[in-house]
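S.K.: Annotations for this protein, taken from Swiss-Prot, read as follows:
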BINDING   G115, V135, G136, D137, Y138, I139, L140  S-adenosyl-L-methionine binding site
Amino acid sequence: MSILHATILTVFPEMFPGTLGDSLAGQALKKNIWSYDVINIRDFGLTKHKNVDDEAYGGGDGLIMRPDVLGNAIEHALSLNPNASIYYPSPRGRVFTQSFTKEMLKNKNLIFLCGRYEGIDERVIEEYNVEEISVGDYILSGGEIPTLAILDCLIRLLPGVLMNQNTLSSESFEEDGEFKGGLECSLYTRPKIWRGRAVPSVLLSGNHKLINEWKKEQSRMITKLRRPELLKDL
């Protein structure tokens, strides 16, 4: 079985693997369940200063990452990771969701282009059939943090990463899971009473039918309150 391999293009290579070198993702990296390489875009920069950006045609604030620089960096990435799907974290992109992760994993070879400054030249997106992907309706300083978040989400779905793969079915947003794409129910552990707050008695009853019904109703109520657009099947 092929492993997940990510090639990351960035002007800040020291940001990787970052949090992906720890916890579940870090253990999976050591087990060779996934792998990565990082390409410094500045290695393909122009002049002795290794410039990677320039002023925007048509005016406007901010600098744009140059297509000639990015093109050379992407060509190098494709030589290391052939047939890879290329993703560009961008607020203009398709919103990243749990169901999207399964679509992305159909190709285990991925390239992430981490933009900086005002963004990248549109011709790069057209030339390499780059898919823009958004992690939410807010603006970050660059694509590195979204790339880390997306990879973390992908890695934990790989076989052998979680000790109990069945836990995936009881998580929020899992359309085929226990909560049918809704939000996870409230969670409790020991002690039974903490600062006057008791664990719901149904969870202590040992009646699995009642417990499952309670969990589903909790999920429905929480989803209705916080994310009503997810209620289609609840």
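Don't overthink the numbers, they just go from 1 along the chain as shown.
A Cβ is built for glycine as well, from the same backbone N, Cα and C atoms used for every other residue.
For each feature listed, report its degree of burial, its nearest neighbours and the pertinent distances within the displayed model.
M.R.: Annotation for D137 (S-adenosyl-L-methionine binding site): same-chain Cβ neighbours under 8 Å, separated by at least 6 residues, are P91.
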S.K.: Tell me, how many other CB atoms lie within 10 A of the CB of V135 (S-adenosyl-L-methionine binding site), whichever protein chain they belong to?
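M.R.: Around the Cβ of V135 (S-adenosyl-L-methionine binding site), 19 other Cβ atoms lie within 10 Å.
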S.K.: Using Cβ atoms only, which residues of the same chain lie under 8 Å from I139 (S-adenosyl-L-methionine binding site) while being at least 6 residues apart in sequence?
M.R.: P91
S.K.: Radius 10 Å, atoms counted are CB only; among the binding-site residues G115, G136, which position scores highest?
M.R.: G115
